[in-house]
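Inspection log for the structure reproduced underneath, given as structure tokens.
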């Protein structure tokens, strides 16, 4: 079964997409064609979007589902039609909140993913700079500024997690790889010694690691399953020995890893 | 006025946070204390969370607002209480969707921010690798694999935008800086010539650029307002001359920039 889902908003439509995506993934056997319509901020653009939705309904011979986040009631109203099921997020929730807080909402569009203030923006950019300059053991001398330091074998997923923590939370995350030389004497790499309390380990199933390394360096010794098994085993035993808490990334997305790291390290986000 | 907002979920609570955040930012004059409670996936943890919410209500002498995304009806029910206003996103929208799609939802938690399949994960990781190796004009030889190439003066916000495009959309975005030498002969840097149709420019107000560079290299010529004015002027004139579409990042967040780039370059996301 194929249905069309539209994500429509006066601004980025990111919130509409996240909301709609979280709902439609609950219907496994429905195949959704997804169409994002951001920056629908005038009546003209709204009427165009409505025409597109109606044309899709006609083509599909089936009602599209429209997920929207309109602050403007005038624009929102235009998307109520027989040809589609429209679920508007603000319409549903702003009312109960206004009642609870005993005040009117500001009805200002695009607050969520707009630049809120320069301070927050700076936190975010500084954290991204920090993550890129402290990637893969780089600039080990400045690790005292890190909020958290991820350790683990090469290709276990440290870099994307650090970048996610920087972009989404404004958290300064460094990462430091464990290389076979580090395991030799069963001790933490020296630059990490002063920062034990900031370390969080990332581990991964050897099979998955081999698969990832394979696509990076095909048929290398580095990608061989036996190499991966050996490295992961030594890395885990080092982390246990040094009492570094560690997470297994094999069944966790970058989001799940990041959320868990925030929780384990007791970190608070610096930007929204 | 200070109120407490809780974001609660059986998984990462990222969806609850984004949706809740988009609602509470509509109330400018209410100062929200935000508490995130992720991974509430057992009755025991739920009862602990409920106790925490009730204690907060007592301390605040005011009802907290609870934004939740519970798939499990049993856990969700526990959060309905006199001491708080609970808004659950699934409860509200799953019903109308089930009716429209004429089937039951799968009631499976954590679909959104979990690893959905290895292919999607690989797109994401590949895109992150691409962005980091093609940052700041790096590896200019492999630009043919880029989905989009951002150009602009140093510190105009190209890097975080490329990383965001990679992490959130699985888009391969390279970035290439315009340096004063490039402007000299009023021509595109040579490595970019074959890829004109992939270029999108980023520009920025000189004042803001100076502010950003100042915090990076205080009191340098690089950060001086006159330097920034000159560079921005030349970069914009080069982009106009070469007919490169460009966006001004000064009033746009990374999310707004990225969404606009997706739209302008006609790109489709490769991961959720």
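From the backbone N, Cα and C atoms, a Cβ is placed for every residue, glycine too.
As annotated by TrEMBL, ADP binding site applies to B:152, B:153, B:154, B:155, B:156, B:157, B:158, B:159.
Each of the binding-site residues B:152, B:153, B:155, B:158, B:159 was checked for a CB under 8 angstroms from a CB of chain A; the ones meeting this are B:159.
Remark: of the binding-site residues B:154, B:156, B:159, the most isolated position is B:154 (fewest other Cβ atoms within 10 Å of its Cβ).
Report note: the ADP site is defined by B:152, B:153, B:154, B:155, B:156, B:157, B:158, B:159, and the residues of the same chain whose CB lies within 8 Å of the CB centroid of those residues, excluding them, are B:175, B:177, B:202, B:204, B:249. In this view, the densest Cβ surroundings among the binding-site residues B:155, B:158 belong to B:158, judged by other Cβ atoms lying within 10 Å. Counting only residues at least six positions away in the same chain, the Cβ atoms of B:158, B:175, B:177, B:178, B:201, B:202, B:203, B:204, B:235, B:246 sit under 8 Å from the Cβ of residue B:152 (ADP binding site). The Cβ of residue B:153 (ADP binding site) has 27 other Cβ atoms within 10 Å, all protein chains considered. Within the same chain, residues at least 6 positions away in sequence whose Cβ sits under 8 Å from that of residue B:157 (ADP binding site) are B:202, B:204, B:249, B:254, B:257.
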